[in-house]
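Enquirer: Could you have a look at this structure, given as structure tokens, before my questions?
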Amino acid sequence: MELNTLTLLEAARGLREGTFTSRDIVEACFSESSRSDGEIHAYLDVFQEDARKQADLADERLQAGVPKSMLDGIPLAIKDNILISGKRCTAGSKILEPYVASYDATVIEKLNLSGAIFLGKTNLDEFAMGSSTEHSAFGPTHNPHDVSCVPGGSSGGSAAAVAAHFCLAALGSDTGGSIRQPASFCGIVGLKPTYGRVSRSGLIAMASSLDQIGPMTKTVADASLLFSIIAGHDPRDATTHPHAGFSFQDNASLQDLSDIRVGLPKEYFGQGLDDKVRAILDNRIEALKQKGARIKDVSLPHAPAGLAAYYLVMPSEVSANLARFDGIRYGASIARNESPKDFWEIYFETRRKYFGNEVQRRIMLGTFALSAGYYDAFYLKAQKIRVRITEDFERAFRDVDVILTPTSPVLPFRFGERTEDPLSMYLADIYTVSANLAGIPALSIPAGSVGGLPVGVQLMGKAFSEEVLFGVGHFIEQS
Ligand code: GLN
């Protein structure tokens with residue numbers, strides 16, 4: 001067996017039993033990425049030397065019988081908007097191309113304490129804005145299942161790295177679907193945690209009230225394991241919950257689904273949903289029914305307004321968060337080789353030159369939505385819809401334990417198919433944005449494939465119900 005194809009749990013067991021070493025796994029991962037990342041382009045940076053050193057240290061601990069955790073010696077890939085001290089962090093943007101992180105994100109600190117190894121930083125749409133990685137300033141990532149198709153986005157590099165077995169698992173970030181949609185397109189598992197369960201300290205902010213870091217893995221059990229390491233309260237992120245922690249249980253899979261009530265929202269199964277995606281979902285729903293789950297129709301009446309609300313709240317926060325890229329404090333600046341006449345010229349010209357089109361579009365949308373004359377009509381209205389969407393979920397979760405929907409309305413699409421028309425790209429997020437607006441957890445699980453292209457199913461639950469999602473998700477994965 002190729003060691004790079006192991007799951008986290010398989011690797012943890014083998015390392016504990018001494019069947020292979022951490023160094024063996026790291027070498028297997030590098031040999032696979034050297035062979036095919038030229039075609040896939042999942043990585044922006046690879047840390048060969050560091051990773052080998054870390055692996056040898058982990059092997060010493062494992063041999064001495066004192067591993068730091070179940071993840072000790074296990075190699076991961078990290079989305080390039082999460083800071084690792086001393087490493088470049090570009091967020092997929094020219095404006096941060098020369099930027100080197102001066103501290104570790106909290107999730108990186110936690111993974112370091114657990115002995116995990118970082119193989120490299122993965123590609124993403126610039127500042128995590130997109131659904132295909134075509135907006136990366138460093139060129140797109142290709143889908144390992146069909147290199148003529150996009151891997152989804154914005155965590156497309158992480159999803160492709162896991163699917164192509166360049167690493168055993170990865171971290172992504174999700175503001176409106178950026179973990180779940182690429183997980184679905186690449187045939188892997190992705191979790192967007194409950195807002196406030198995973199620290200955002202050291203994540204380059206896109207839209208702070210929506211952003212969460214989460215695991216991207218080969219199996220549901222692996223997602224649960226990685227989540228247990230990164231979850232928890234953090235004094236450096238005031239939005240983390242005091243009881244954010246999560247404990248991993250190896251055999252947490254539900255044997256019996258008869259107590260589980262699964263809701264199907266009619267608003268997610270209507271117009272725009274690809275028939276082939278629909279057929280795969282019907283199949284999974286039938287399997288859940290066979291296993292005793294109670295399937296119920298539910299309604300989320302404000303769901304159709306979700307995308308519009310998201311594309312007002314998100315750019316508003318983007319316009320504020322990205323104001324810090326001023327050509328002085330971080331990264332690239334026109335002042336390096338030109339002689340600007342004042343601060344404003346540095347500010348405007350740096351941003352004009354180094355931000356890509358999609359980023360500039362969203363900053364403009366955001367500043368417009370927040371401007372005095374339009375604030376009530378756009379931003380305030382979107383926030384009111386956000387409250388309604390949250391209430392819809394609260395009502396639905398009185399009747400059901402989980403809500404099942406497609407992750408994406410469409411199959412992985414081809415390069416260039418949606419880049420000319422931003423609205424058609426935004427429509428790729430139609431089923432994922434509501435979970436971010438409501439702050440609830442959502443898990444994408446591989447559900448089948450059409451002509452070799454993967455299709456994912458999404459499970460949403462009430463806040464802090466990740467354990468239930470893993471239980472039902474594990475069953476869907478096995479069936
Ligand atoms: N695709 C969505 C967008 O473009 C989601 C991005 C994300 O979750 N980071 O905004």
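Cβ atoms are placed via backbone N, Cα and C, with glycine included.
Remember, TrEMBL labels are computer predictions, not curated facts.
Pulled these from TrEMBL:
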type     : residues : note
ACT_SITE : Lys79    : active site, charge relay system
ACT_SITE : Ser154   : active site, charge relay system
ACT_SITE : Ser178   : active site, acyl-ester intermediate
DOMAIN   : 24-469   : domain 'Amidase'
Enquirer: Does any of Lys79, Ser154, Ser178 have a Cβ within less than 6 Å of an atom of ligand 1? These are the active-site residues; tell me which, or none.
Expert: Ser154, Ser178
Enquirer: What mean pLDDT does the predicted model reach across the domain 'Amidase' (24-469)?
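Expert: That stretch averages a pLDDT of 96.
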Enquirer: Please list residues from the chain of Ser154 (active site, charge relay system) whose Cβ is under 8 angstroms from its Cβ, counting only those at least six apart in sequence.
Expert: Gly92, Leu124, Asp125, Ala128, Met129, Gly130, Ser131, Thr133, His135, Ser173, Ser178, Pro182
Enquirer: Using DSSP and three states only, what is Lys79 (active site, charge relay system)?
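Expert: The three-state answer is strand.
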Enquirer: Would you find the one among the active-site residues Lys79, Ser178 whose Cβ has the most company, meaning other Cβ atoms within 10 Å?
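Expert: Answer returned by the neighbour count: Ser178.
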